[in-house]
Amino acid sequence: MEPRMESCLAQVLQKDVGKRLQVGQELIDYFSDKQKSADLEHDQTMLDKLVDGLATSWVNSSNYKVVLLGMDILSALVTRLQDRFKAQIGTVLPSLIDRLGDAKDSVREQDQTLLLKIMDQAANPQYVWDRMLGGFKHKNFRTREGICLCLIATLNASGAQTLTLSKIVPHICNLLGDPNSQVRDAAINSLVEIYRHVGERVRADLSKKGLPQSRLNVIFTKFDEVQKSGNMIQSANDKNFDDEDSVDGNRPSSASSTSSKAPPSSRRNVGMGTTRRLGSSTLGSKSSAAKEGAGAVDEEDFIKAFDDVPVVQIYSSRDLEESINKIREILSDDKHDWEQRVNALKKIRSLLLAGAAEYDNFFQHLRLLDGAFKLSAKDLRSQVVREACITLGHLSSVLGNKFDHGAEAIMPTIFNLIPNSAKIMATSGVVAVRLIIRHTHIPRLIPVITSNCTSKSVAVRRRCFEFLDLLLQEWQTHSLERHISVLAETIKKGIHDADSEARIEARKCYWGFHSHFSREAEHLYHTLESSYQKALQSHLKNSDSIVSLPQSDRSSSSSQESLNRPLSAKRSPTGSTTSRASTVSTKSVSTTGSLQRSRSDIDVNAAASAKSKVSSSSGTTPFSSAAALPPGSYASLGRIRTRRQSSGSATNVASTPDNRGRSRAKVVSQSQRSRSANPAGAGSRSSSPGKLLGSGYGGLTGGSSRGPPVTPSSEKRSKIPRSQGCSRETSPNRIGLARSSRIPRPSMSQGCSRDTSRESSRDTSPARGFPPLDRFGLGQPGRIPGSVNAMRVLSTSTDLEAAVADALKKPVRRRYEPYGMYSDDDANSDASSVCSERSYGSRNGGIPHYLRQTEDVAEVLNHCASSNWSERKEGLLGLQNLLKSQRTLSRVELKRLCEIFTRMFADPHSKRVFSMFLETLVDFIIIHKDDLQDWLFVLLTQLLKKMGADLLGSVQAKVQKALDVTRDSFPFDQQFNILMRFIVDQTQTPNLKVKVAILKYIESLARQMDPTDFVNSSETRLAVSRIITWTTEPKSSDVRKAAQIVLISLFELNTPEFTMLLGALPKTFQDGATKLLHNHLKNSSNTSVGSPSNTIGRTPSRHTSSRTSPLTSPTNCSHGGLSPSRLWGWSADGLAKHPPPFSQPNSIPTAPSHKALRRSYSPSMLDYDTENLNSEEIYSSLRGVTEAIEKFSFRSQEDLNEPIKRDGKKECDIVSRDGGAASPATEGRGGSEVEGGRTALDNKTSLLNTQPPRAFPGPRARDYNPYPYSDAINTYDKTALKEAVFDDDMEQLRDVPIDHSDLVADLLKELSNHNERVEERKGALLELLKITREDSLGVWEEHFKTILLLLLETLGDKDHSIRALALRVLREILRNQPARFKNYAELTIMKTLEAHKDSHKEVVRAAEEAASTLASSIHPEQCIKVLCPIIQTADYPINLAAIKMQTKVVERIAKESLLQLLVDIIPGLLQGYDNTESSVRKASVFCLVAIYSVIGEDLKPHLAQLTGSKMKLLNLYIKRAQTTNSNSSSSSDVSTHS
């Protein structure tokens, strides 16, 4: 007999390894045969269980043969199911990722094969890789390596077009610093493979990732080797890595062939020629270590030793604690054998690799190890010292800034190792300090380093300046700001140091310091003697790499990429064409190998004004030439070119003597050669085709530049060369830039690109402002902000700043979109701004130094989460900069930041941190509002709570601003629902200030909401009732006024809905609201007859068709409905007369039929003529308001929306008796005379007079019952009732005996005497109990709502017997007429559950019986929707009663419906399972058992957070229930959870 799916599942789930090996091949054959396994494709549940079993039990098995069989079975399923296997990918991927790190080669290889097969047959590669990114951070190094190998295989199998590589590359970059060398090699190989497929764009992108130069050099060398080998398979159509914002947008498009024509050798030369100083790179440390002699170690040795430790497992935090205590005991006692101490130090690294940092208590224990580390670092055994330094370096590299306390404590001890004569100890200390500086950026380390810069030991001083240089290169400016003066003083002392090598290092430090704090650096420069100034200049001049000028290239603006970026990235990644060689007369290039720097000290304004003032600048400015300028000025720190001549772009160099007779190498741009052919290009410094947009394509279109035009003819040019922003053209006639000037050289209409200088403005050149012309064929001049071009002639004052500010107003653009989303234009990239901070203001202190992009989002978040207030402030600064640079956060980052912000709402440092937090919050909301829907509840409620706190006025204003931004940023309906939830939340106890804030917020929200945003839900009704109680708040007049205004605002917002909402509330609430609304209408009619909304300033323009459509209210079918004159907005005299006011309870007007109108008029025509009301009309409409609200039959939102969905209008149920269209003129009924010519009432007023709709059985269920209950109930006119309905409904109307009606009227009168006449009311209730058992349809149709409301009010009676009797009557009505409760379910359930709190057992028993009947009478889905929020928020015993009631409901609900509601049900039950009351816990378990009996194993995924013991208990009850019910022979079990 062929095995079926059930037997297959049983075989898969069995634990016996031998049997698994036997049935494995059978399962493969079975799944491969479509005929045998036909049911495989139909039973999705069984398939899910099968795949889950294979993934968890087979693929994760410890027996590699079982693992291989499991993969084979999965492979067969993939082959069989094809793309239908896509739903299972999420189940199998975690196991397959784990297997990538398996010890067996065969397992790893088969795993790779299976993954590729899934990408090929089940889903596209990107879908799979999106779910595999976590593997890059896997704790098993083989898995991390395997992920890289899998990426290589994917690229070779599917090509680069199938992947969005921009998502993957950052993860690979992280692995470049992995402790394991195999992982690092695999990461490099994967980058090389990406390069092979994508091309030069990868090189440019990596340059901006902030990677150490040594690593970049290694990677770029491999790139060059691949390119030389001819193995490149780049396609011009690859869009996956195309021109993301991090790729240089100035190069030609990918269709250009220039990228592959640049000689590889020149690229390598450029890369090596721009190597950063050796002290900061691994290569540098290696070479320096080699010079140290035998025994010296370097960073490479340390990194290898990081994971050269025994493997340990951490099973719990207790286990971790015991391990660290044992380590501390060994390390704290130097009497232990040195080998034990070495092993203890290694074990710390083992624990780190095993994930110790993920445990909360790890950092507490780490602090206790400070003393032990100090002792180890002082040990006489070099091996112990070496291991201690390695461990400290490892801690810093893994923990980053979290190692701050340990680093600060141990650093002085490590410095004492530096002068040690034992090389192993000295170099270990040096490498440890380097690693700590590189990974732990804590300002408190700076004084430790600077204090050692004055050490008596020459070796220590040299090393300290080297460390200081590394620190200035690696750290961000905001981390240094605190110690500017200390750094400046230390560098000054270093420049004067007695040791020549220390002085050299100090001069390097000066340039690093200058890149961060240019103004302070210039000040320092001027305090130096001339000999030291010359030494600094010669240091700059004689450098044949950028060793002496590590930061001249780096923007000190706000991105990590630009801060840590090597100079090799500064050339265009595609190279330049050789066909554009300059023809300008030249002299030979200097052969010294030093960089040729051109004159760039030309102020834009100086050049513009030089037409009228042609004079030599040497006599007027102290620094008239680049050579004479101080290093702090723009010229001397000039445009460091990266030997572009060698790549063939090349501009020739002419030597021209300057004012001082020195010979300067003048680089003439290619664009200057073509002035006549390209006027717009004159003066451009750029020679790349991607930058010279105008040169090869006929120039820019007219109007692209608003600056002074350049004449085509060179003869017509002024003798004063015109500075085109970043022009490199030099002349003795030009005026040098004064030292104190803060004017940048903004790029104007020409391309001053990123690769020529970071000082220049980076955003406004046409090279960035236009898409590549070779792709689109023409430029887009409109992209250049006019204010930027105008900068050429602006003064250096606020005019320029204003222009810059204007240009900065760019649309927000997300930063990390997939490669290929952007064109070559990177004007909106994060690296672009009108001018970088380096060029605009920061050099001479224009804008604060902390306005720079933070180096790493993770670090910013760590700062924000710090317990130290100053670090939190620092983190907020960094976050502000990230947000201002439009760096959007990933989903994971957003989640963490939301958690941090939630905690920050309670930050105690209000002035220091909370104020800045509020500023950051506003930016955060504006940028990420689309991703913060889930956090909106916390955001809104916390801000409102803060409005009730005692804050400074300035802070309070910021809270208010955050609220305003929140209100404008999120959907109004969502905000309104949250506020309703917040008001009814029993766990919240807002103070008076918070209440006022909530109410004012609702009022302002109501002004902007659409009527459809106001939803009449149970929460809204509860909230409105609470607001009504706030109108009588005895302690605060502000709360009373605000609550009244809110009620009026909601009434104005959606009058039909609000009126129906009031109709569902108890009479006491109705009375309070009705009185308020009466006064409001009365006052508004006195002050302005135009609109009742004037009292709260509501704008008439808010009326929309959805809001004002009268067809959504019962009014349209009654006396208050719209007449044709209302529809057309005419006066009454122009069309017809209107129905009279509802003068008497028994007067029955005939409603006009709107069928003809309905065909002719759309809802948009329904604008009310609210300007033509007078006070007499309003007063006449108020006569029956109280009774109308009281008797208004509440109808659910579903009933209201149903006809709207059908044709956009509410069907009018009442038509004239003969079926013809009724005349607009109304007939008088009951002796009431019609007043002629009165206009229709305003919709709001007429709705207050709405009569309750009748609930006739059958299709006429919404006909009106025009007879409100009143003292005159017995005077109703039967014939009038019959005229108000269809003829065919007459048979459904039963003649209610007069005595019954009289009896009911008397009973209701009696019951309305609350807390009085106890015995009489008991008799009335008993009489009513008898009537409920009789079939008196007419009575119930007329009086049901009144009876129900009176019964619910009676539940609050003083006499307990009355309360119990009322519950019995209510239960009897429920049993006999359950359908009538459909629209009153919420109110009835809540009142019944509240009765469970009663102190008398008799009442509680009656309440339990009523709740049981409710559970079996009301529709199950409706019942559960009401019960779920109560279970989650109510206290004992209400939550117990609600859970019991829900259990009964679950027993009668369909499986499909229950599955849909599980998401709402389970949280409350899990919460109940944790309740302190045992009865609540027990009820929750029974409810879960009931749910399991309905849906079975589908309950399993929802119980993931239950502990093992709770799962066992639940399983026990499930088995017991199954045994009792004998429903199943086998005891199905929910999976046990440990």
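Keep in mind that glycine also has a Cβ here, set from the backbone N, Cα and C atoms.
Here's what Swiss-Prot has on this protein:
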{"type": "COMPBIAS", "residues": "251-268", "note": "compositional bias 'Low complexity'"}
{"type": "COMPBIAS", "residues": "548-567", "note": "compositional bias 'Low complexity'"}
{"type": "COMPBIAS", "residues": "574-594", "note": "compositional bias 'Low complexity'"}
{"type": "COMPBIAS", "residues": "606-628", "note": "compositional bias 'Low complexity'"}
{"type": "COMPBIAS", "residues": "673-692", "note": "compositional bias 'Low complexity'"}
{"type": "COMPBIAS", "residues": "693-705", "note": "compositional bias 'Gly residues'"}
{"type": "COMPBIAS", "residues": "1106-1115", "note": "compositional bias 'Low complexity'"}
{"type": "REGION", "residues": "235-292", "note": "region 'Disordered'"}
{"type": "REGION", "residues": "543-783", "note": "region 'Disordered'"}
{"type": "REGION", "residues": "662-785", "note": "region 'Interaction with microtubules, MAPRE1 and MAPRE3'"}
{"type": "REGION", "residues": "1080-1120", "note": "region 'Disordered'"}
{"type": "REGION", "residues": "1136-1156", "note": "region 'Disordered'"}
{"type": "REGION", "residues": "1215-1238", "note": "region 'Disordered'"}
{"type": "REGION", "residues": "1254-1538", "note": "region 'Interaction with CLIP2'"}
{"type": "REGION", "residues": "1254-1538", "note": "region 'Interaction with PHLDB2 and RSN'"}
{"type": "REGION", "residues": "1256-1538", "note": "region 'Localization to kinetochores'"}
{"type": "REPEAT", "residues": "87-124", "note": "repeat 'HEAT 1'"}
{"type": "REPEAT", "residues": "163-200", "note": "repeat 'HEAT 2'"}
{"type": "REPEAT", "residues": "405-440", "note": "repeat 'HEAT 3'"}
{"type": "REPEAT", "residues": "441-477", "note": "repeat 'HEAT 4'"}
{"type": "REPEAT", "residues": "1342-1379", "note": "repeat 'HEAT 6'"}
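Across the repeat 'HEAT 1' (87-124), DSSP assigns 31 helix, 0 strand, 7 coil. Within its own chain, the repeat 'HEAT 1' (87-124) has Cβ neighbours under 8 Å at 47-48, 51-52, 54-56, 59-60, 64, 67-68, 71-72, 74-75, 77-79, 81, 131-132, 134-135, 138, 140-147, 149-150, 153-154, 157-158, 162, counting only residues six or more beyond its boundaries. Sorting each residue of the repeat 'HEAT 3' (405-440) by its DSSP state yields 28 helix, 0 strand, 8 coil. Across the repeat 'HEAT 4' (441-477), the DSSP tally of helix, strand and coil residues reads 26 helix, 0 strand, 11 coil. Broken down with DSSP, the repeat 'HEAT 2' (163-200) shows 29 helix, 0 strand, 9 coil. Each residue in the repeat 'HEAT 6' (1342-1379) gets a DSSP state, and the totals come to 32 helix, 0 strand, 6 coil.
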